[in-house]
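One structure is given here, and the rest of the page talks about it.
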Ligand code: HEM
């Protein structure tokens with residue numbers, strides 16, 4: 001229990017137990033009944049109140065990223081980048097902006113073990129003077145797909161089977177092996193750092209997508225964001241992660257909470273890669289392809305600032321579960337790029353927030369802008385503000401609103417073309433960066449190539465042979481040695497899996513509690 005709550009329940013000012021309408025209750029653990037042992041009475045409002053609240057405790061969990069944890073903190077600017085962006089929170093060195101971070105697993109439900117192999121969500125909400133700005137990224141600089149039509153079916157393949165409600169490694173790899181633009185993300189995910197980072201404090205975060213900066217002259221630049229952990233990075237091996245899932249399924253949540261409680265505040269430094277539209281046009285990779293990174297050797301990292309998390313949530317449900325992050329929560333100075341996946345995300349998040357939290361989700365304190373809001377929208381369920389009082393709800397000539405102060409004078413891309421349903425074409429270029437990851441990232445860290453092969457083998461071995469074979473071909477296209485090592489290790493593991501399917505201590509025909517007459 002937090003100190004504040006302890007003081008409240010122990011002190012002289014300990015609160016009186018009341019119904020939700022404020023009526024004090026003498027004995028909250030007793031129902032009104034007729035006589036001793038008789039039936040309960042419908043007039044017992046406290047009992048009904050208790051039940052109606054209890055029956056409605058659960059709200060829909062997030063359709064993805066359901067298990068997560070978060071904390072509040074502050075972002076501070078350390079380097080001037082106003083030549084690229086007029087984003088108010090970057091307006092001067094030393095400027096501080098309050099913020100919220102939520103880290104998460106992607107595919108599991110709320111009670112899922114933290115150290116399961118999965119990308120980690122890295123969602124940030126900045127309460128700027130100008131309004132809410134969210135950066136909703138992952139701990140991976142890439143993603144599994146580049147056509148948004150694939151996201152819902154990809155997610156289905158990573159979640160539970162519609163009949164058995166079991167996770168199914170065959171389905172998992174069946175999707176990936178048929179959609180091999182996923183290979184770069186698969187390579188990152190099956191490394192120790194990418195798929196089983198040690199809690200949340202020791203991982204980096206990425207915007208993954210290319211976004212746009214817009215400066216006060218109306219010029220735009222493309223940018224990618226990188227949040228590098230000041231704690232350094234570390235991952236668990238497959239064995240360590242599996243063991244941790246058994247001993248403490250909430251490992252990542254606990255590690256973050258405990259660190260902040262003891263004053264060991266984690267922080268991340270923000271760097272950006274910036275490109276002009278002309279450079280982007282000539283660049284060898286499509287910067288709107290989410291399966292690719294922009295190597296630092298091509299576009300250097302520029303430091304911007306640092307955020308530090310120093311306050312745990314006071315209440316998990318109100319502060320973290322009800323938090324609503326969206327890539328569409330933009331502000332002047334930032335913009336969405338033409339990346340099609342990013343564009344669909346701008347629709348999907350607020351859509352799900354309306355379903356998960358209701359039409360007025362932005363009025364919930366954790367989501368509420370810290371600047372006054374005036375517009376012509378009103379009412380709706382659970383409106384808990386003053387509903388903009390007596391302000392006109394149309395563009396009144398008698399009481400006009402002030403003009404938007406950022407004159408929108410921005411230049412943007414021009415797009416001309418015919419409507420096509422472009423099928424994702426996989427080319428050799430898609431294997432260049434995964435190859436570099438195998439050779440130059442994993443290859444440089446002692447033991448990491450071996451661990452990668454083991455990590456894949458332990459997972460892929462539980463898929464059926466036809467799917468395994470198809471995925472070997474994808475790894476071979478990355479690198480022939482990688483393909484053959486994965487195949488050899490996976491087939492060996494598959495033999496072991498077949499032999500050890502019937503585990504458990506055999507007690508013969510005995511029962512723990514034998515009937516006395518037997
Ligand atoms: C959560 C959709 C790709 C990062 C979510 C949620 C939806 C969603 C519906 C639940 C939001 C909520 O209930 O509040 C999509 C779609 C995608 C996509 C449609 C692609 C077409 C990505 C990518 C990233 C990402 C590429 C990272 C770069 C996250 C994070 C969360 C999340 C961090 C959790 C936010 C939180 O902590 O509340 N996504 N997503 N998603 N997504 Fe995505």
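Residue positions begin at 1 at the first shown residue.
Placement of Cβ uses the backbone N, Cα and C atoms for every residue, glycine included.
According to TrEMBL, the protein carries these features:
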DOMAIN    18-402  domain 'Catalase core'
ACT_SITE  65  active site
ACT_SITE  138  active site
BINDING   349  heme binding site
REGION    496-518  region 'Disordered'
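Distribution of TrEMBL features across the structure.
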residue	record	Cβ contacts under 8 Å, 6 or more apart
65	active site	104, 105, 106, 121, 123
138	active site	106, 119, 120, 121, 122, 205, 206, 208
349	heme binding site	136, 324, 325, 326, 327, 328
Check the domain 'Catalase core' (18-402) for me and report the mean pLDDT.
-> 97
Using DSSP with the three-state reduction, classify residue 138 (active site) as helix, strand or coil.
-> strand
Coarse DSSP state, helix versus strand versus coil, of the residue listed as 'heme binding site' | helix
